[in-house]
Each structure stands twice: as structure tokens, then as C-alpha cells.
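Participant: Before I ask anything, let me first share the structure, which is written out below as C-alpha cells.
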Amino acid sequence: MSSLFDDIPLPGLDAPAPAAPAEDEPPFEGDGPAFVDAYEGGAYEEEIPDGLFQSFDPSEPVPASYYRNGAAHPVIDPDTLLDGMNPQQREAVVHAGSPLLIIAGAGSGKTRVLTHRIAHLLAARHVQPGEILAITFTNKAAGEMRERVEALVGPRAKAMWVSTFHSACVRILRRESKRLGFTSSFSIYDAADSQRLMALVCRDLDLDPKQFPPKSFTAKVSNLKNELIDEDTYAAKAENPMERKLAEAYALYQRRLREANALDFDDIIMTTVNLLQAFPDAAEHYRRRFRHILVDEYQDTNHAQYMLVRELTGGASGQGPKKTVDGEFVNPAEAQLAEIPPAELCVVGDADQSIYAFRGATIRNILDFEEDYPSATTILLEQNYRSTQTILTAANSVIERNSNRRKKNLWTAGAEGVKIVSYVADDEHGEAQFIADEIDKLSDKGDAKPGDVAVFYRTNAQSRVFEEVFIRVGLPYKVVGGVRFYERKEVRDVLAYLRVLANPEDAVPLRRILNVPKRGIGDRAEAMIEALASRERISFPQALLRVDEAYGMAARSANAVKKFNDLMAKLRGVVESGAGPAAILEAVLEETGYLAELQTSTDPQDETRVENLQELAAVALEFEQEEPVEGPDGEPVTQPGLPGFLERVALVADSDQIPDEDGEGRGVITLMTLHTAKGLEFPVVFLTGMEDGVFPHMRAMTNAKELEEERRLAYVGLTRARERLYLSRAVLRSAWGQPSYNPASRFLEEIPVTLVDERRTAAAAGPSGFGSRAGGSGLGGSRLGGSSAGGGSGFGSSQSGRRSGPAAGWGKSAGRMNDRPMVTLAVGDRVTHDRFGLGTVVSVTGPADDAKATIDFGAEGTKQLLLRYAPVEKL
DNA sequence: CCGATAGCGCTTTTT
DNA sequence: GCGCTATCGG
């Protein structure tokens, strides 16, 4: 495929398309799995739709000889599953009898190991597919895994649960909903819904939004749920006023959810754990069923997910149910549980790639696995099948700076590869321009096509410049992430209608659509309904139906509400007539006038809105026409109809996909954040904005833990590159409308200079040699100040750099010639101020001789200081 | 009630 | 520099 590799033979590089599933793996060597005639899975003989086998991932070719007489059930020789694997991978595939931790470095063939392990369980250990539960974090990962397992073992794979944490739990909860006090058609609130509900709750509690911001309450409640702390437990230990208010809000929030027959994302996990703990017979059911549990990306699990895995597995060995001192079971029903041996657990992860601590993921889960499961075996996968040794060495030396880390050394049997290219631009436009030029060059030389290239950045806001420049020079690109399809206003509006139809008691979407499109039901009318609801102790949706009793409501408003009620009744009629999701959606678009409003609008944006709604309608139709898939026990994997559609939509909140390699096409450049990049790989990677304050992000720099997470993010970014890696930064960058000078990212210094080809250094960039950092032995452009050879971008009337000693901070920044020497500060520097005392520099902005610094003086507060005058001294 | 405008604040975000 | 929210005037 990529001509990039013509002179650098690496194993595994003829693997899939650039944006293909992350862990690329060595191709099958030998003839692929052969078949033996010992297939025993007769229980799963089902008819196979025509063409089923044509849709498999081409990266794992399934030779025609795979099937006996073209029959649908491949039977695998266990040994051939191990072909082409290294010793550690083999061990991971065949290991049996105790909990297994696979530490899989980036690009070490993790997915291959997982899928082959599953196939091996079936082929060699007589495990039934229905006994397998494989959990991932994303639908995409689940889909890929299922597909690849199916390619290995055939349709038997359908009986396995291969799903995300959330869909697995929803499936359990639907089945058990009755004993938990809600109906099986419960709604699922996404982050935006939760936020909305919390805002309502805070308003009801008369909380001052300045003092008790609903946003932070939402986040805190989410954290509590991730820690499995329910509202009562929290209320019992709330101490200060803030905590007590939070406890109140949490309780009311939960009450409202329950009234709305809804669960939020975090509830889905927490409630499942509660279920398994509270109902031993439910736990027994799942423990008997799932004898093999595999968890991907274990480093990203939070406490609730950790406990879920533990409950499903049956705990670590020796961790039985509670007993009294006499050895009697506290709960007799639990006696049954004790008889079930724990399931075999296999978790895969890489602590160095844990980048979601901010969402509650705790690296502890993977670090302490061996203590949690004392009989555990650990296997380390260090051989990399993705990148050149140069790239791996760079990644290794960066991640090594993290403390408390299990040592790991990625290596490849492949080539050294070309050097990493570094580039220092004057500003962010220059950076984007360089990247565009470089892609052009690679393209002309035939070294890479746009589809091979990815541009990574720390924050979404950084994508704009690249878009501007790429549009100007005519490079095809696609931005991944940002505002997602299901987060778009029009999509959410229309889905809100569907949700109300599916669950009339769900107040959050109901209030959303009450006046959308505009129909004369304003805040005042809404408040009246709310008052009625609390007066009569009924829910908001019920109050709405009794508008006539709303005291003091203007006749006009009341009429509007009645018309709305009629509208909803009519739509409900459509639902009751047995129409499918697509037809219901169409009725909503028509009857509400939503579509008409968009179509008659002159706003050009509304055109794309209409397209998005058409897209949504297409999704609904597709869902409707899907064949129902049934699990082995006859329960449907997805429920049909409107509730099923809504569940799908709630749990698959990402339809923006990474661009596919479209046949012979040259593909498009992929732009995305570093977080989104996790799990992907590209022949050519540009890591941009390599500046302290940008990456690592300003907010993460003062905290050692967060800084380590940023470093892991850097590690993730570096290891996405197969062949060519570029690191770029801008001396001057405008953020939030304000220009600011940023020093080189500390991560740059952590890469050995010998690996780097410095295409343009700080000395050549910007006004007079900005950017070398203290101790800059790395590639941070450690040349001396020097004249602005590259022609600085012409501000600051560029004096030559008067560097203040070896630790130059953000380079020169002496004020005008005659001014007293101005202190040069870098983010993170410690300073003293004549009046405020000790402080830490949070940020530095503004043009060279007019620079402002934000300094955190602790108890004295955070001050903005004009450095020209400020009586500060660097320590 | 609705549209316009001022003001604030602002990483990352698998579900 | 932008997008969401709160507030005001019509």
C-alpha cells in the first residue's frame, strides 16, 4: 500500500487503511487457519444470510477454504490461531485457569490477541459462545471485535455478548427493570440531558447559580456515581453548606429521574452494580451464564465499572459473599452464589495510555490488578508492529518521565526509520502553512497521500487554522469530533419529540420541545404549569394536560398549550397505529411544522439542518429494516420499535466517523484531538501546538498528576505514527483573541535530539529567538538568541535577544532599550512580588515589550501583572 | 412572548 | 473569538 514503506520494511505494515483499527497486527503468516472436523457447536446452527461473509474486515482475510463445502461453520484448528504470533501473544491467547492481565503497549497487537483468545476458547477449550462476555468502551471497538471474532469462528459469534459497558448494562437492566421499580422502556439521559435536569433542579431549590453552579453539580454527581455513592450515603456525610446543597440537589435530581422513568449514563453502571449486589438470584443468573469475561482498555475503567466486572466475575478468588462469624451466609440466597466458581477474567490495557482520569477512570485498577486478583498472571506485550524504532524510542523516552509506572520498552523488529521532523513556526498560521506544504511535498514525491496523514491537536479550537489553510491551498480534509451529529440542535429537538412519545412522563425532553418550534408557550406559561404541578403534587407532564386548572394563565397561552396537547395526542395516535420509528419521525417533522420552518428559512445554516434531519430519518429507516438479532436464550439483543431506536441513538452517540479509505481514492487528511486519536494509527502524523500552555495544557501544568496524564496523552500521540512523525509549534499563538508567547513544550525536551531533524528552529522563528526553555537540551531550539534571521513576524520591533542567563524562560523579552531589565517569565516559574509574596506563573500573554503575566499568589489571589512595571523577581 | 444584545467563560469527553 | 445565558426593550 503506502509507498512510504518501500525502503523501510516493517512487519505488519501492509495492514489496513490508515484510519483502521488501532492495534494493527502482523498479517497472517502461513495459510491461515485450517479446519478440522470436530465442530461441536451444533446448538448454534442457524441459517446464514447470503453474502454474510463478504463483509468481513479485509485485514483479516478469510480464505474460501475456510469453510467446509462452503458451509457456514468454520472449524478452527487451535494451533493455527497462534500462527505468526510472538511468544507473549501466544501465552496470552492460551492462558487458562487464573485471572489474566495483559499489558499491551501501543501497537502490540492487542485486538488480535483478544479476538484470537476468544476463538481459542471456543476451539480448544470447549467454551460455548454464550458463556463469553467481552466488554469495550466504544461501540466502534465492540463492532470491530465482533466482526473479527466472527471472521474467525463464524456466526456462532452472535451468541456472545460483545458490547460496551453501557449496552451490556442496559441489556441487563431492561431484563431486570421490574424489580428496580421502573419499566423496561426507561429513557437514557445523555450528558446534555443530565445538565438540563440539574439546571431545573437547582432552580427549584433556589440555588444561586454563581455560588452553586449547576454545571459543577452535574459533574460532581457524575463523580459520585462513578464512585458508587448514592444520594442517601452522600447526604449522610455531607458536612459543609456546599456539600449539603449538593446532597439536596443530588437527591432531587434522582427523584426527578425516577419520576421520568429515566437513567443517566452513570446510573446505567451504578444501578447494575446495585442490582447484582442486592439480588443474589440476579447475580447468580449472570455468573452462571458468563464464564469468560474479557475487558478491553481496562486502564480506562472507573470504580463503578471495576466493581461491575468484579460482581460479574464473582470477585477475586477467596472473595465470597458475606458470612457471619459462624460461617453462615448473612443472606441465605447468597449460599447459591458461593458455589459458582469465579468466571475467568482477562483484562487488557496499558496504564501509559490512560487519558481519561478526568472522567473518573482510575489507573489504579490496572496497577493494582495483581493485588485485587492475587492469583493473577501478567503478560507484557512490548513488541510493536506499528512504528519505526525512531518513533518508539522517542515515545519511550517521553513516557519514562512518569513516576510509579511499570517499566515497559516498546521495540520493533523493523527498521530505524526516518528522523522525526521538528518545526518552529512564527505563529499558528505559519505552523498550518508548513504542514500544508509538507503534505504537498509528500504527496508529490509519492511518499504519502492525504488519506495517510493525520493532524493532532490538544483542543478542538485549534482545528480552525488548519481548516482555513487547507481550504485555501485546496487540501482535502475532515475534522473528526467537535459537535457531533447527535448533539446538533435540530437532531436533539426532533429526538426529544420521539422521546416524549416513547415516555410521556419524561419531563426534560418535553420541556425542550414545548415551544419548539415557536408556538407561543413562553417561560411564563411554563412556570404556571410548574406551579400547578407542585400545587397538585403531580408531574409536569401531567400538569400540562390540565392547563385549564393553571391559575392565572393567559387565555392565549392556555390555548397554545392545548394546541400542543392536541398535537402530541395526534402523534401518539401515529405511534399507537403501530408505525415504525421512521414513520413516526416523519410525522413529527410534518405535523410539528419543524421541517417547514427550516425549509422556508433564509438562513443558509438551516439547509444543513434539513440534511441532518434527512440523515436522521435514514438512520431510523435503517434501524427499522434491520433484522432482529436474538441472543441464544431467545431474548432480542435490541428491542424493536421506537424504544429500541431511541436506545440505539442514546448509546451510539457518535456517527461522525473517521474517514474510510475509499477504494482508490487518495483519501482525506484527518484532523482530530489527541484524545480522539487514541486507538488509531496513521503513516504520517503531525503533532501540533507543542507548546507549554497548549500541550501540556495550561490547566494541567501546575498539578503533577495532571501533568502525567498530559504526558500519557503525548505518548498516545507519538505512538499513532507508523512512519513519519512531525512535531511543530508556534512561537506566537492567539488564543481567546489574545496573542501569547509560549515556550516549547516540555515534552519536546524529553525526546533525544539525536532522533530529530530540526527543520526550523526557534532562532529562525519569531522575533529574535524565542522559545528555548530552561535547560533546553532537547530540540526546543536551544540556539542562542540570535538575530531574527527568518524575518520575525514584525512586531515588538525585534531587538536582538538579550537572554537572561541560561534559563531563558520565554526567551528575550527585554522591554525598550532604556527600561530597567524586564523579568522574563515562563509558565510555571516561581516568583516573588514585593507586595504579594510568593507566586506561580499561570500564563504569559501579550506582545514582547508589553507582556502581561497571570500569577497565582495563593492566598493573595491570582493577579494580572504588566511585567514592565511589576515588582516581581524570578526565583 | 420574542428577538436582540451584552457578558462571561472557556481542556480533553469512549457512553 | 465564539457560543451560550441572562437580561432588556419592543
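Backbone N, Cα and C define each Cβ position, glycine as well.
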Participant: TrEMBL lists region 'Disordered' for one of the ranges A:1-33, A:67-99, A:595-627; which is that range?
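Facilitator: That would be A:1-33, per the region 'Disordered' entry in TrEMBL.
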Participant: Near A:Ser108 (ATP binding site), how many other Cβ atoms are within 10 Å of its Cβ?
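Facilitator: So the number of other Cβ atoms within 10 Å of A:Ser108 (ATP binding site) is 26.
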Participant: Looking only at the domain 'UvrD-like helicase C-terminal' (A:389-679), what is the model's average confidence as pLDDT?
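Facilitator: Reported value for the domain 'UvrD-like helicase C-terminal' (A:389-679) is a mean pLDDT of 88.
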Participant: Mind checking which of A:Gly105, A:Ala106, A:Thr111 has the fewest other CB atoms within 10 A of its CB? They're the binding-site residues.
Facilitator: A:Thr111
Participant: Applying a 10 Å Cβ distance cut-off over all chains shown, what neighbour count does A:Ala104 (ATP binding site) have?
Facilitator: 29
